[in-house]
């Protein structure tokens, strides 16, 4: 069942999302480069707690970390460890924030200064998809399948592959709510968008294959047949006239 948020609830979720925006602005390449994933996770935790919030992912479905830190071959759900973010690396920071019971779930990807050019291009294309194809679909009465199909068409037209086993979702009161919004789909199918829906849209993109495997830690999702991958996640609320992006 889809839970529609009231204006008051949307404002509380908006405040949680502001902490994400502040974290994204604070954790620049200079602050991340040369640090272990564990150190980054702890620094993120301290930053979030300094804003009066908590880490929404910690212990959620028994997740052991505080945030999902996905380095290189890990596309999503990475558990922090002692590996170091280096000059040629990709790192996705998927941050869950619980502010007084209201949730922000959003992610951004950063690259070391010597990251390969194909990885740079992939990140640019992924970031651009939100304004290019996602946001034009975010309006009342438009079915979620149109959002999914727009994402699929956009990336496949550029020769990329999409992770099929995971997708976007409702959010705001719980980390994961209905509806599920996959990154592929058929037009005019799924749940119709309504004002008050809060949605996470999160393309997970690979350069060479849509194959994935689970790490033996049961969390890290790996892309062994793809040289590069990328994950970016934004949160939106559907309004009577269209949408508001809560995280950008």
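Cβ from N, Cα, C; glycine included.
Fair warning: this is a prediction, and the values are worked out from it, not measured in the lab.
Among the candidates 127, 135, 233, the one that Swiss-Prot lists alongside 105, 169, 202 as binding divalent metal cation 2 is 233.
Using a 10 angstroms CA-CA radius around residue 176 (substrate binding site), the binding-site residues that qualify from 105, 169, 202, 233 are 105, 169.
Of 77, 94, 105, 233, all annotated as binding-site residues, the residue with the shortest Cα distance to residue 202 (divalent metal cation 2 binding site) is 233.
For residue 94 (divalent metal cation 1 binding site) paired with residue 169 (divalent metal cation 2 binding site), the C-alpha to C-alpha distance reads 14 Å. Other C-beta atoms found within 10 angstroms of the C-beta of residue 202 (divalent metal cation 2 binding site) number 24, with every protein chain shown included. Cβ neighbour density within 10 Å is lowest for 176 among the binding-site residues 77, 169, 176. For the divalent metal cation 1 site, the Cβ centre of 94, 105, 233 serves as reference, and the other residues of the chain with Cβ at most 8 Å from it are 68, 95, 96, 106, 107, 200, 202.
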